[in-house]
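**Q** Handing you a structure now.
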Amino acid sequence: MGKLVLLMTVFIVFAALFVERLIVFRQKLFADRELAPKRLPNCKLIPGIDNGAEDIDILPNGLVFISSGLKYPGMKTFEPHKGGQILLMNLRSENPHPVELKIEGGFDLDSFNPHGISFYMEKNDSIFLFVVNHPEGKSAVEIFKFFEDEKYLLYLRTVTNELLSSVNDVLAVGPEHFYATNDRYFRSETVSIYVEMFWGLSWTNVVYYSPKKVKEVASGFYSANGINMSPDGKFIYVADILDHSIHVFQKMTNMNLSPVKALKLETVLDNISVDRKTGDLWLGCHPNAAKLLTYDSKNPPGSEVLLVKDILSDEPKITQVYVDDGTIIQGSSVAVFFERHLLIGTVFQKALVCHM
């Protein structure tokens, strides 16, 4: 009788704990959040993008790099057999439209599964594009050189390391140097979702890579996601997607990161883009991330774009710029502003350009 009572007590405790963690996890996903659309005038879908534009980066001359075709565990994909692509678009042309960049140099296109991207421009205007890649579910950072006149990428090298275990986004800070976020601690998708995220383990991190040294420079994130840098190069911004926060770090001379502050937001933020002229942060967000994990075409995931001004001040200004209920675009992951153009990309669906 005593053993039965003990077993029942243990069962009740674990059941209560499970229910509590389920409630917390749903809150992390904003599973009950519904937003009314808040659309902008002068917006149109970018032609030729139907398989996602998970990340976007823009050169100073208006050329746009777009990462398309991500196949990510637990996420919807409309074209599972289509390979990943890096698209190029000129925002300063009369009719901007994306074209696929050729990749030369013996790169394995069959397993190309691009995620976060970032470019680095040298003083002589040489441009290097860094792309997070998940070939066969693994993680790597691919480094390419961009040839603007000929419009192609030259494959230079693949970077892998045991510290780059589940890379989400990358921030290039040199021709072979970068910061990278790991969004999971465990490599297994099942373990990650049902143990790590469900039980709230804050074990993910930011890693700095150089050819001579690889090291962890920040840790304690629920799920480190987008990463970017202030225009003066002094501060690094990291999005913790399920903690709903932007962490601000000072970049030290040894490339370590020193915590400055964290800004809490009422949304599930994904990638961070920085306006190089103003320093403003543009955030691609998921108003209800539960809809990403349980895709329903009749009730699709929506999109949300936030603008953060003066993030280093005591009172940053946060503005909700755009909201869609999934009717136009689903699952926004990035928002980039350039010369009165707002580009909004999604994890697995379309992309939008708005003239502000």
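If you go along the chain as it appears here, the first residue is 1 and each next one adds 1.
Note that Cβ sites are derived from N, Cα and C of the backbone, with glycine treated the same way.
Given the structure is predicted, the values throughout are model-derived calculations rather than measurements.
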**Q** Out of D32, D108, D149, D169, which one does TrEMBL list together with E54, I117 for Ca(2+) 2?
**A** D169
**Q** N168, N225, D270, N271 bind Ca(2+) 1 according to TrEMBL; which of D55, D57 goes with them?
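**A** So the Ca(2+) 1 site in TrEMBL includes N168, N225, D270, N271 plus, from the candidates D55, D57, D55.
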**Q** Spatial neighbours of I117 (Ca(2+) 2 binding site) among the recorded positions C43, D55, N225, D270, C354, defined as Cα within 10 A: which are they?
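**A** Those close enough are D55.
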**Q** Excluding E54, I117, D169, which residues of the same chain place their Cβ within 8 Å of the centroid of the Cβ atoms of the recorded Ca(2+) 2 site?
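**A** Here the non-site neighbours turn out to be D55, S67, P114, H115, G116, S118, V131, V132, N168, V170, G226, N271, S333, V334.
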**Q** Within 10 Å of each Cβ, count the other Cβ atoms and name the one among the binding-site residues N168, N225, N271 with the highest count.
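**A** Result for the most crowded candidate: N271.
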**Q** If you measure from the Cα of N225 (Ca(2+) 1 binding site), which of the recorded positions C43, E54, H115, D169 is the nearest?
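**A** So, spelling it out, the nearest of the recorded positions is D169.
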**Q** Please compare the recorded positions C43, I117, C354 by how many other CB atoms fall within 10 Å of each one's CB, and tell me which has the fewest.
**A** C43
**Q** Would you list, in sequence order, the recorded positions among C43, H115, C354 whose CA lies within 10 Å of the CA of N168 (Ca(2+) 1 binding site)?
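**A** The recorded positions close to N168 (Ca(2+) 1 binding site) (Cα within 10 Å), listed in sequence order, are H115.
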